[in-house]
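Following: one structure in C-alpha cells, then a few remarks.
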C-alpha cells in the first residue's frame, strides 16, 4: 500500500484543532485524516512549557503507531512549546505547526490596533515575542490573553449569552473604531467567530488555519506523498477524554 494513502495526523489540546481539520478536508479532499484531541488535559494554555511539551509528545507517539505520513500541530500553545523539538525528533515526516496570523492582519493596512486573542502561554512564549517584533514597527499590536475561553468552547458553549458576556468583558477596554483587526491565536477561537463579529461588527477577524493547510499541502508535495486519488478521504476522530459528548461535539464542530 502506498504511503500516499496513509493518514495525516492532526493534534490539539482539545476540539480547537477541528477548525484546522475542517480547512484541511476542504483543501485536501482525497487525504485520510486522524484527529486527536487531548481534552482530558485541556487547556494547555495555562500549563508550563515542559508540561505542554510532554503532553504533545505523548499524543504524537500514539499517532505514529497509526502510521501517519505527516503531522499537523493544530494548537498554537503546543506549537510554541514543542514544534522545534518535534521536528528534531521526527525528521522522517513533515511536521507543520500553527502561529497567529499576524502577517495577513498587518497587510490589511487598516488604521488602529491589531488585537491578538490567544492563551496566556502562547502570548508569553519567545516564539510569539519574535513574531511580534517582526511586525510591530508596521502596526500597533495588542496582546489579549483569554483564559477561560478554551474551557467554554470545550463545554460546547460557542454561542449565546454566556459567550457574549465573556467576549464583551474582554473587549470593554477597546473602541471598535480603533481596532484594525482581530487575530485568533488559538485554534479553538474560530468557533466563536460569529459571536466576536456580532460585537465587533465590521472589524476583520483572521485565523491561521488557511495558511497552515497551504503549508501542509506544500510539504506533502515536496515529500511526494500528496494523495491525488479520486476517492474522498476518511476522517477518524479520537479524544483522550473517553466521553461520547466530546466526540459528538467534535463531529458537530466539523459540521461536514
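Residue 1 is the first one shown; counting continues down the chain.
Including glycine, each Cβ sits where the backbone N, Cα and C put it.
Close to residue 188 (substrate binding site) in the fold, though at least 6 residues off in sequence, lie 14, 15, 16, 19, 149, 150, 153, 154, each with a CB less than 8 Å from its CB. Classification of residue 188 (substrate binding site) by DSSP places it in coil, neither helical nor stranded. According to Swiss-Prot, the substrate binding site annotation covers 12, 13, 44, 45, 76, 77, 187, 188.
Residues annotated as active site, proton donor/acceptor in Swiss-Prot: 75 (among others). DSSP assigns residue 75 (active site, proton donor/acceptor) to coil, not to a helix or a strand.
Long-range Cβ contacts of residue 186 (active site, proton donor/acceptor) within its own chain (separation 6+, distance under 8 Å): 16, 45, 75, 76, 77, 117, 118, 119, 122, 146, 149, 150. According to Swiss-Prot, the feature active site, proton donor/acceptor maps to 186 (among others).
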Reduced DSSP assignment, residue 12 (substrate binding site): strand
